[in-house]
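A.B. asks: The structure under discussion is supplied below as structure tokens; questions concerning it will follow.
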Amino acid sequence: MPETEKPLFGHPWIFIRGVPSLNFLPPEGPPEVAFAGRSNVGKSSLINALVSQKGLARTSNTPGRTQELNYFVPDGYSGEAGDLPPMAIVDMPGYGYAQAPKEQVDKWTKLVFDYLRGRATLKRVYVLIDSRHGIKKNDDDVLDLLDKAAVSYQLVLTKTDKIKAPAVPKLLAETADKIRKRPAAYPYLLSTSSEKGDGLDELRQAIAETVGIANWK
């Protein structure tokens, strides 16, 4: 199969770099999607489940551990001109950790806002919401940031296996109503469970459509 026809989620992904400041960003090239969410929302687990690789994104029981923008791309590309990966997934630092020092929070906010505002190749941010807790104030603050930066974002419920199945459609409807008037919000929400695999294909397809890739599995 030619390199350009590799299914997006049908072969391994690799970590290429952590970005502690904008100086370390890779050159703009392939389209990017980013994942944002509160500490311990299940962000790393969801990225690992998406690409079917348990150890790709580091998971931790320590909230606030990830303090960089972590870049992941499909393997098999040199990264040189003419052989770039088709897209990148960016794992953003978790937010909302109550014990994080103010200096750390300020640094995170500046890094994220500068990235959001200035990254032309960023196509969408997937904001993860823990289905057990719904939208919290920290989430609203980040949605405000995204609206201000005029970056398209889509909400994704995580850990739906932790709530009763009949509650999921109601939660989706309630959450959609809460963001209905937000200017940068994509109106269609997704629900996922990394543990059970629920909703992963829908999220894979959404990502592929966002970056303009037809062959995703």
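Note: Cβ is positioned from N, Cα and C throughout, glycine not excepted.
Dumping what Swiss-Prot says about this protein:
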type: DOMAIN; residues: 29-213; note: domain 'EngB-type G'
type: BINDING; residues: 37-44, 64-68, 91-94, 158-161, 192-194; note: GTP binding site
type: BINDING; residues: S44, T66; note: Mg(2+) binding site
A.B. asks: Output, ordered by sequence, the same-chain residues six or more apart from T192 (GTP binding site) with a CB under 8 Å from its CB, or 'none'.
C.D. replies: L46, A49, V156, L157, T158, T160, D198, G199, L200, E202, L203
A.B. asks: Going by DSSP, give the three-state secondary structure for G37 (GTP binding site).
C.D. replies: strand
A.B. asks: List the residues of the same chain that sit at least 6 positions away from E68 (GTP binding site) in sequence and have their Cβ under 8 Å from its Cβ, in sequence order, or write 'none'.
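C.D. replies: Listed in sequence order: G18, V19, P20, P93.
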A.B. asks: Three-state secondary structure of T192 (GTP binding site) from DSSP?
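C.D. replies: Note: T192 (GTP binding site) is coil by DSSP, not helix or strand.
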A.B. asks: Taking DSSP three-state, what's K159 (GTP binding site) in: helix, strand or coil?
C.D. replies: coil
A.B. asks: Work through the binding-site residues one by one (N40, S44) and point out the residue whose CB has the fewest other CB atoms within 10 angstroms.
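C.D. replies: Output over binding-site residues N40, S44: least Cβ neighbours within 10 Å is N40.
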A.B. asks: Other than its own, how many Cβ atoms are within 10 Å of the Cβ belonging to G37 (GTP binding site)?
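C.D. replies: Looking across every protein chain shown, the total is 27.
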